[in-house]
Structures are given as structure tokens and as C-alpha cells.
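**Q** Below is one structure. I have some questions about it.
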Amino acid sequence: MIVGNWKMNGLSAPSRALVSAIADGLRATPNPPPVVVCPPFTQLAVLGPLLNGTGIALGAQDCHPAPSGPHTGDISASMLAELGVEYVILGHSERRRDHGELDETVREKALAAMAAGLTPIVCVGESADQRAAGEYQDAVGWQIKGSLPDNFNGIVAYEPIWAIGSGVPAPVQDIADMMGFLRAELTRQFGEAGKTTRILYGGSVSGRDASDILPIAEVGGALVGGASLEADAFLPIVRAAIDL
Ligand SMILES: O=C(CO)COP(=O)(O)O
């Protein structure tokens, strides 16, 4: 599965052009993997109708834990579901940083997303300091424990913060080690269900290295930031996922 996280990018005209270029590329690609685009909230209603029949699913980048109520500026999971949104990214490190989101909040958001019929994509990942101090497994282990509800039914994205936006993904060996760790943690926490939870890698994935990253054991796809903003950069990543 290849998921594009557009972050805070995308006015209407370029957003429409981007999804139509991705759709054209997918039409010309035999057996493409599942593809999800996660534009800003303001583009969801614009893009939803354009995605019908393209094989591209719609995702959002956040939701509020409550179903409705006095939460100025927030968006609930059912509001997203009404627009045809199927996935929602939760607990991205940029939200943890910019909005002080804690594991507890992320867990509540995941519950709200599932209650509305959405698939949460919960992000975890260590900082550069935590990696340098050798605390990266502890840090990610605690995030998994704190951010995923007991009945979690969704996707986990491992995004080492030091690799995001750096232009250089984490080394293959580091990704492989963390994927093994995450699978063990998920299995310990969720039993059978944890054995099949999809795990994405995110952090500077591009067409140059997708074919090294996607075949790593336990990697179930990529969460792509910068390279999801141009079809010419995104489609090679999608193609690297074919037949894996
Ligand atoms: O944060 C990311 C996706 O959620 C990764 O972003 P980049 O691919 O730009 O490093």
C-alpha cells in the first residue's frame, strides 16, 4: 500500500491536477497496489468525487476524538466518513510536535476513527536524540502501548523523525530491525491480530530507494510525504510496490 501524506500543501487547482495525473498513471499500470491520498481537509470534498473508479482511496490527516460538540476548528471522524474518506493519519510526529498531541489523545482519536468506520494510520517513531541515546526501541514501544487502543484495527506507520523531510531514508538495516521489533510488540500486545497489522515505513521515501525499502520483511507499504506532491515522483514508488 502506498499512502501520500500531502501535509499542509494543496490548493484546489493543483490538487485536482495531481490526482488526475496519479489516476492516469495508475490506469497505465497493471496490478497497482492500493493507493491512498491524504490531502488537507479543505480538499477532501473537492477531490472525493474525482476519485471514483480510479483505484485511489481518500484519507485525511487528523480527526478529533469526540463525535461532535464545542471544539472550534476541529473535524470529527464522521464528518470525514461522510465525504467518502476511508483512512485517517493519526499521531503524526508533526502533530505531536505542533499540537502537543500525546499518546493518550492519539488513542482516543483512533477509537473515534474506528467508530466512524475509518481505518486509522497511527504514526510512531523516535527522535534523533532517542536514537543517539540507544532508546529508540523503548520510545517506539511506549508509543505503541499508549497510542493503540486494545481493539485496534488499523495500520501502523513507523516514521523515524530524523528521516522525515531529510531527503535520506533510514538505512535498510535500521528499518529492518525496527520492523522486527514492531511486529514483536504488536504480536505481544494484540496476539493473532498483531501478526497481520499492516506496518508502513515513512521518512524520505522516493522512487530512488522504494525498491530497496518495500521488500524489507514486515514492510507493508510506504507513507510518503514530499514525493507524494508530484505524480512523477509518486508513481515510481507505486510501481516499486507491484508484485511484492
Ligand atoms: O512524514 C512523512 C509522511 O507522513 C514523510 O515525509 P517525507 O517523505 O517528506 O520525508
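Sequential numbering from 1, following the chain as shown.
Keep in mind that glycine also has a Cβ here, set from the backbone N, Cα and C atoms.
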**Q** Given that TrEMBL lists Asn5, Trp6, Lys7, Ser204, Gly225, Gly226 as binding substrate, which residue among Gly48, Gly53, Gly165, Gly180 does it place in the same site?
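**A** The record-listed residue among the candidates is Gly165.
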**Q** Out of Trp6, Lys7, Gly165, which binding-site residues have CB atoms lying under 6 Å from ligand 1?
**A** Gly165
**Q** Tally every other Cβ atom lying within 10 Å of the Cβ atom of Trp6 (substrate binding site).
**A** 20
**Q** Which chain neighbours of the substrate site, leaving out Asn5, Trp6, Lys7, Gly165, Ser204, Gly225, Gly226, have a Cβ atom within 8 Å of the mean position of the site's Cβ atoms?
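**A** Output for this site, in sequence order: Ile164, Val224, Ala227, Ser228, Leu229.
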**Q** Fewest other CB within 10 angstroms, which one of the binding-site residues Gly165, Gly225, Gly226?
**A** Gly165
**Q** Taking just the CA atoms, what is the gap between Trp6 (substrate binding site) and His92 (active site, electrophile) in Å?
**A** 12
